[in-house]
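The annotation signal peptide is assigned in TrEMBL to 1-16. The domain 'SCP' annotation in TrEMBL covers 21-163.
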Amino acid sequence: MNLITFVFLILVSASAYQPIWYEDIALDRHNIYRRMHDYADLEYSDTLGALALMCAKYYSKIHKIDHSCIYKFLHGENLAFFGRNTGAPEALDSLVDAIDGWYAESYDYDYEQPQSSTSAEIYHFTQMIWNSTFQMGFGIFRNYTSKRTYVVALYEPKGNILIRPPDSFKWFRGNVTAPVMSFQNQDYDMY
């Protein structure tokens, strides 16, 4: 069996364990937040989704989230997990809570001077709405033994790009701008 066939079989088998409507909810919720910043909608990538699910299973196996999953390759990655200490919510609740939590980091983000935001947790938020990102995939895996749910989003192209000084955050200013509307201005169901 050649390498391409092997990778294809892995991707097909990985995607078979995740309900398709989770992917729809993840994409819709991301796009609602992106529209608040007047950014284009992301497209869903089945390939990124399969890789994200493999990463969710990997993190479940090692019982932590540490950005070490080899399946993410060079894609942007957002991670979250929910477990015993947080009430072990259902997978759908974990999915929604993860995305909302990533966006909540926006309240600590300084749009005028992004470099002053580095002491706060902001990089999930900035990756999520990074303007030049156009595709995403999503994986969620519930480990019934540990009672933890692992949530992984992969993005293409990767955001959160820092360049060399003197203006390390130049790309942030071009890809992460202040919102132009809020939820109240949108006609969307927020699952």
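Positions of Cβ are set from backbone N, Cα and C atoms, glycine also.
Per-class residue totals from DSSP over the domain 'SCP' (21-163), listed helix then strand then coil: 68 helix, 27 strand, 48 coil. Here the domain 'SCP' (21-163) returns a mean pLDDT of 90 for the predicted model.
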